[in-house]
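Notes to accompany the following structure.
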Amino acid sequence: MSKAGASLATCYGPVSTHVMTKAENIRLLILDVDGVLSDGLIYMGNNGEELKAFNVRDGYGIRCALTSNIEVAIITGRKAKLVEDRCATLGIVHLYQGQSNKLIAFSDLLEKLAIAPENVAYVGDDLIDWPVMEKVGLSVAVADAHPLLIPRADYVTHIAGGRGAVREVCDLLLLAQGKLDEAKGQSI
């Protein structure tokens with residue numbers, strides 16, 4: 001879903017021309033992990049190991065974004081080795097874990113990559129994400145985000161976190177930039 005106004009039909013449903021215009025300029029996609037790349041559930045094993053499920057469609061979308069010159073970064077409040085491993089598998093080199101104040105990592109990324117805030121999209125699911133979301137060019141909430149986050153976002157995915165929402169956002173960015181048909185990734 002998107003805010004009111006003229007819209008463009010996509011395979012995910014209508015997207016406002018305002019959102020598509022913002023998406024044209026995105027050079028960096030920042031993602032939260034729990035509730036965005038995963039469904040927000042954490043499975044704890046008897047020996048203290050932590051397990052999460054990641055969607056391969058999201059992985060494919062991330063690989064397509066990366067091969068289409070859109071940087072991808074992770075800023076997450078929790079810290080887990082399996083997130084490091086997933087990032088390594090996908091080719092994500094900008095990983096910030098254990099971030100209770102996500103603005104610090106956001107500022108570091110802008111400086112490191114020499115990117116303006118209006119060229120950044122951020123995908124979040126909860127209120128901890130809003131301080132960064134309100135500063136970027138395109139703020140995205142997943143379909144099952146916290147109810148207070150949804151009306152604030154520029155775009156709300158049709159798909160829930162951990163179920164392909166990130167792929168939806170990647171496809172949206174690539175479509176807006178005229179790169180969707182040429183995008184090549186690999187299923188991971």
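Quick reminder: no glycine exception, Cβ is built from N, Cα and C everywhere.
In the three-state DSSP scheme, Asp32 (Mg(2+) binding site) is classed as coil. Residues or ranges marked as Mg(2+) binding site by Swiss-Prot on the basis of similarity to another entry: Asp32, Asp34, Asp125.
If you take the C-beta of Asp34 (Mg(2+) binding site) and look for same-chain residues 6 or more apart in sequence within under 8 angstroms, you find Gly40, Ile42, Lys52, Thr76, Gly77, Arg78, Asp125. The annotation substrate binding site is assigned in Swiss-Prot to Asp34, Asn55, Val56, Arg57, Asp58, Gly59, Arg63, Arg78, Arg86, Lys102.
According to its DSSP assignment, Asp125 (Mg(2+) binding site) is coil. Take the mean position of the Cβ atoms of Asp32, Asp34, Asp125, the recorded Mg(2+) site; other residues of that chain with a Cβ within 8 Å of it are Val33, Gly35, Val36, Leu37, Ser38, Gly40, Thr76, Gly124, Asp126, Asp129, Val142, Gly161. Cβ environment of Asp32 (Mg(2+) binding site): Ile74, Ile75, Thr76, Gly77, Val123, Gly124, Asp125, Asp126, Asp129 lie under 8 Å away, each six or more residues apart in the same chain.
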